[in-house]
Amino acid sequence: MGAVGLLVSDFIMSFMWVWSGVLIKIFVYKILGLGHEPSGEVIKCVLLIINMFFFAFLAKSTKGGAYNPLTVLAGAISGNFSHFLFGVGARIPAQVIGSISGVRLIMDSFPEVGLGPRLNVDIHRGALTEGFLTFAIIIISLGLTTKIPGSFFMKTWISSVSKLTLHILGSDLTGGCMNPASVMGWAYARGDHITKEHLLVYWLAPAKATLLAVWIFKLVVRPIKEEKASMKSKSE
């Protein structure tokens, strides 16, 4: 897929992502009327995993489309400089615009849904929380790409369950978002998208955690690969 097609895919997928979370909550809490009962939470978790499978399929179908800037950033810092510039300068803004557009339409259609995730702890704890959650999911994603390169179902299953678990762990503190574009959409709707809390907790901390995760993964995995290659050449 060309550069323009990738940008369109990022925009549409980001738009759809913010909508999907809201529609799942409306379905469980309003249509089914389960509120926050255990059965309602179980159904919501199942639907969220199915939703992540759907978006993984979209990413595969579009040959790289993404709704999360951290996914783009992790790939961008592993490529050449032009790839980095395209990811940071074009793809991430497309995702942010898609999320903002999606949230604005949500607020016009369902004003009762609320105003998205909020920071419920102090700024430093929030930054540590989002940073840790991001670090964990990036390490898991990189590990799955290396260890299970061809199995779409298994990779998506492990990734989806991991994301959901980390989201639940951080939901009471920061919302457990691990997606700066999605949070930006809601913050823009509230008018606090340029505050220190938003930028530090939902952008700077996840970005630094992504860089750290990619660096550590390369540091650990590359020597292992080189050692295996050396052992193989010696045996031959």
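Using N, Cα and C of the backbone, Cβ positions are placed for all residues, glycine too.
Among the residue ranges 74-96, 166-188, the one that TrEMBL annotates as transmembrane segment is 166-188. Same-chain residues lying 6 or more positions outside the transmembrane segment (166-188) and placing a CB less than 8 Å from one of its CB atoms are 14, 17-18, 21, 67-70, 92, 95-96, 98-104, 115-121, 125-126, 129-130, 133-134, 136-137, 195, 198, 201-203, 206-207. Between the transmembrane segment (132-154) and the listed ranges 6-29, 41-59, 200-221, the one holding the most Cβ pairs under 8 Å is 200-221.
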